[in-house]
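Student: Here you go, one structure.
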Amino acid sequence: MRTEKRLEISLAIIRISTAIFLLVWSTGKLLAPALTQNIFSKFYFSEISLVMSYAVGVLQTILVLLFLVGLYKTFSYGVVLGMHSVSVLSTYEKLFNPYYPPNILFWAGVPVLAGLVALFLLRDHDHWLTLQWRAFTSSNSIKSHPHSLH
């Protein structure tokens, strides 16, 4: 398998697994809005209404779905990276004290953040299993086979 294909598969694995991870959180705002209210008051120091929890959940879910299917990469990958960065940074006190239970669980967000940074930097190589994948593979096959009628 050529290096470019391995890179594309690796980026797709990062994108899909991270999207699933983030969908748990975004849909949680819709399924358990009271929990979201508690999280906002504890980590973001702001009170939000149930309606706001639903609105944030819908917006985040849409953005994560755009990210999942690889549309508007600079925008969707950047927004998802920004959302997760804020989430990780808001837990800095937990991260600085990892051995006080259950703080070690907050460290799960750090490698996700690193993966999102890598994915953002390599977004132009992330084609496999995106909605743009068919167009990309078709245009590549035309370029690599100039006599093709496709």
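Please read every residue number as a count from 1 along the shown chain.
Each residue, glycine too, has its Cβ placed from N, Cα and C.
From TrEMBL, here are the annotated features:
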type     : residues : note
TRANSMEM : 7-28     : transmembrane segment
TRANSMEM : 48-68    : transmembrane segment
TRANSMEM : 104-122  : transmembrane segment
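Could you place the listed features in the three-dimensional structure?
Tutor: Counting only same-chain residues 6+ beyond the ends of the transmembrane segment (48-68), those with a CB under 8 A from a CB of the stretch are 15-16, 18-19, 22-23, 25-30, 33-34, 36-37, 40, 75-77, 79-80, 83.
For the transmembrane segment (104-122), same-chain residues at least 6 beyond its ends with a Cβ under 8 Å from one of its own Cβ atoms are 7, 11, 14-15, 18, 21, 77-78, 80-81, 84-85, 87-88, 91, 94-95, 98.
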